[in-house]
């Protein structure tokens, strides 16, 4: 599947951001501010991990010769960080090729001006050429978005490790400091925050879109720090407690789901994006209160089961963008506008983590159901395409092979069917675009009596 997706991208859309498989051409879009080759950067580590070395070499060569970082457009700080910075970092750590390090440090520098705000909370959009930044027009009252400014930590800590420049880490630590200081309604983190005043703008809370990866990066920051970052650990478990107390629900049919919270009123819907949380709660089960470990593993399994139900209750056996639990509906999309599937990875991501944590064969069975559904409904003549309605037996394609399909969906499927020692979870943490970053072990040095501290770290 990876080779088919890649070969068609190469044939019809080389150097563009994504492949449009029905029209057999490339798509640039405006999310990356003039950067090109999103599918190439996003695919590097997948190609390498799968042993597709010829394809990996072509991708590397393109980056060397054609990845131009001097662009002048409106880039999403979040998307550039998770796809380009994450993709280049993991390619460097997996292969040691200097070109990736050189490019990622150059790009990292270009993102720093986004943090020039009264609070240090970055704005969501940045012009990579001029360094000016602003907030998304649709974000309420010029606010920054929790999932966006909360999903920089892993990459920026590694930028500091590679560049020996503490500035990157300082920027993300500063975000955390502010979040710790301000009042949180019921212990929850709303999705919109003013980068000017440092106050919440609306009381909308979600572990789906707008919120999702903020929580993921708390537990992963703790794990990536070799369990030294106790602040991240504390923030994660308090957030989990608040989420359980306020958002986790059980449907009349016995399905556990995570609702959204709007100023105290629950909206009984769960987005496909929120389905990553099964895996997150699973990997976080070990390091909370000892008596909670089994509880968290059970909760992780229940949420993953609910997300599988959203797949198995559709005609295509692929899940909708959002599904609801109201008016008698359970785990199904009731609105026409929520019925699409754009090759998203989150449900499969949770299967992969739950397989590694429990080795219950059902997770591989569920993963295989997804493979068969993708092959049947999303594979077209020249690549893979999202579909417009998962409940229609005759599918209508959306003509887009998302870069995250190659970066995440296919990588998580491959890992689900691989041995646990391929990218073992003790040594690697995946960023929210599934780019593996090494655990930073500072302890080894101290234990081996290495007293001269020159900022060296052992990145296994």
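Glycine too: its Cβ is placed from the backbone N, Cα and C atoms.
Remember, TrEMBL labels are computer predictions, not curated facts.
Residue 79 (active site, proton donor) has a Cβ environment of 20 other Cβ atoms inside 10 Å. Annotation source TrEMBL lists active site, proton donor at 79 (among others).
Residue environment of residue 212 (active site) contains 25 other Cβ atoms, counted within 10 Å of its Cβ in all protein chains. Under the heading active site, TrEMBL lists 212 (among others).
Cβ neighbours of residue 307 (disulfide bond) (same chain, under 8 Å, six or more residues apart in sequence): 270, 272, 275, 278, 319, 346, 347, 350. Among the features that TrEMBL reports, disulfide bond is placed at 275-307.
There are 20 other Cβ atoms within 10 Å of the Cβ belonging to residue 321 (active site, proton donor). If you look up TrEMBL, you'll see 321 (among others) marked as active site, proton donor.
Taken from TrEMBL, the feature active site covers 346 (among others). Cβ neighbours within 10 Å of residue 346 (active site), excluding its own Cβ and spanning all shown chains: 25.
In this view, residue 432 (Ca(2+) binding site) is surrounded by 25 other Cβ atoms within 10 Å of its Cβ, with every protein chain counted. The Ca(2+) binding site annotation in TrEMBL covers 432.
In space, 432 is the closest of the recorded positions 79, 321, 432 to residue 212 (active site), judged by Cα positions.
Cα separation, residue 432 (Ca(2+) binding site) to residue 79 (active site, proton donor), rounded: 10 Å. If you measure from the Cα atom of residue 321 (active site, proton donor) to that of residue 79 (active site, proton donor), you get 19 Å.
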